[in-house]
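Taken from TrEMBL as is:
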TRANSMEM  137-155  transmembrane segment
TRANSMEM  171-192  transmembrane segment
TRANSMEM  226-244  transmembrane segment
TRANSMEM  272-293  transmembrane segment
TRANSMEM  299-318  transmembrane segment
TRANSMEM  330-348  transmembrane segment
TRANSMEM  354-377  transmembrane segment
TRANSMEM  403-422  transmembrane segment
TRANSMEM  428-449  transmembrane segment
TRANSMEM  461-481  transmembrane segment
TRANSMEM  512-531  transmembrane segment
């Protein structure tokens with residue numbers, strides 16, 4: 001009897017028949033229903049298997065059972081019988097010379113018993129039982145195959161109470177507000193002090209403005225560079241309104257007991273989206289603070305919330321298909337704090353200290369490997385006793401498409417690590433930001449590719465947002481690399497790069513970067529918000545996890 005947890009109820013099957021007969025050959029295909037296909041706990045039954053007729057059975061673990069014992073008994077002794085427990089994959093390791101390469105197995109004459117623990121396998125709930133006999137010249141060999149479903153479905157990772165999970169994700173929103181208040185207020189005080197020192201001392205070498213397009217307002221020396229960050233605040237607020245609208249509609253559907261809101265599509269948790277909107281607004285505020293007096297000492301103000309934006313976007317992508325096992329808000333923000341700490345060390349020690357770059361590159365490579373392992377095993381990887389099986393899976397990976405994409409991602413991260421170790425860029429904050437942005441783009445590309453590989457669609461609205469994001473980011477980066485000033489050199493060298501205003505005789509190239517980057521981030525957020533809208537009418541036990 002099929003259940004919702006067994007995946008799609010209808011699947012295509014192809015039968016190819018080849019013959020050397022000169023004329024057409026007729027054949028008949030007999031399809032019969034397998035009795036006792038779904039095994040029951042503590043229910044025994046008899047079956048017969050032959051070399052030409054292997055038998056298959058399905059077993060579902062009860063939710064309160066962590067382990068079961070598989071018992072096999074035969075009235076006659078077969079000296080070459082084997083009982084094997086392994087993951088379901090192609091090809092099945094059902095030969096004498098390869099059965100030991102996957103899972104666990106026992107030889108058997110009349111009795112066999114294997115203890116199977118849920119935690120050792122990917123799905124933890126579904127098992128496929130295959131009985132196959134092979135005939136040799138003088139003996140009949142019975143192979144008892146017990147396998148595990150290779151594909152996790154969203155229903156397997158969305159079992160916790162929705163209200164508890166929603167409260168968990170709302171902590172992201174409240175925590176980022178607290179962080180923003182404690183971070184921004186001292187920053188505002190510091191940059192105002194910088195601006196005051198410039199006016200009191202008359203030293204124009206303290207701040208690295210584009211002096212050919214610096215329009216003062218009150219005590220602010222370059223008001224245009226501050227005003228251009230208003231786009232981040234406005235678009236961040238607009239994104240919050242869009243998320244709030246979706247949140248209200250979803251809550252109304254839940255209150256009305258709408259089955260499509262409760263059992264279909266990706267589980268809707270909006271806490272991370274709210275946090276992303278606040279982060280976009282705070283990026284505008286902190287970028288404006290940096291441009292009050294841009295210099296080497298306060299450049300990190302302009303990048304700190306960019307790290308958070310990139311990190312929150314990656315967490316949101318992961319949370320979409322793993323709603324029950326995502327990182328807590330406290331652990332996530334603690335990780336961001338660690339990143340900012342490393343960035344401070346890089347700014348202070350990264351110029352000439354070899355030891356720093358060696359340690360940082362090693363941590364970078366190990367972190368990329370650890371995250372790749374977590375993604376490859378869909379959040380279910382644990383270091384246990386099956387080390388040989390893990391090593392064998394490296395050389396013959398069951399998820400080949402996922403392995404190829406993750407190898408490409410690791411190569412990019414290793415390139416960054418060795419580039420930093422060899423060239424030691426002075427602008428460590430931008431170098432760190434480049435790592436985060438590249439990893440976000442890689443993960444987004446991985447997600448979209450795996451989505452298409454799972455026969456899912458990208459609807460017109462997210463498609464338009466993806467194209468708009470790519471176009472606007474390309475235009476934004478063009479203006480970003482115009483280099484109108486640079487605190488990496490002396491103030492006099494920086495002024496050699498200054499240029500006149502190009503928009504309304506008020507905004508320069510860097511201001512246009514602010515406008516376009518805010519727009520690009522807004523479209524990027526819309527991509528994450530709408531990317532899985534095509535699944536709203538799909539049952540969760542048919543949505544693949546990757």
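Cβ coordinates come from backbone N, Cα and C, glycine included.
Panel annotation: around the transmembrane segment (272-293), residues 169-170, 172-173, 175-177, 180, 183-184, 187-188, 191-192, 194-195, 198, 206-207, 220-222, 225-226, 229-233, 235-237, 239-240, 243, 299, 301-302, 304-306, 308-309, 312-313, 315-316, 319, 514, 518, 521-522, 525, 528-529 of the same chain, lying at least six beyond its termini, place a Cβ under 8 Å from a Cβ of the stretch. Beyond its flanks by at least six residues, the transmembrane segment (512-531) meets 225, 228-229, 231-232, 235-236, 238-239, 242-243, 246, 273, 276-277, 280, 283-284, 287, 309, 313, 316-317, 320, 444, 447-448, 451, 458-459, 461-462, 465-466, 468-469, 472-473, 475-476, 479-480, 482, 502-503 of its own chain at Cβ-Cβ distances under 8 Å. Here the transmembrane segment (226-244) has Cβ contacts under 8 Å with residues 220, 270, 273-274, 276-285, 287-288, 291-292, 507, 510-512, 514-515, 518-519, 521-522, 525-526, 529 of the same chain, all six or more residues outside its ends.
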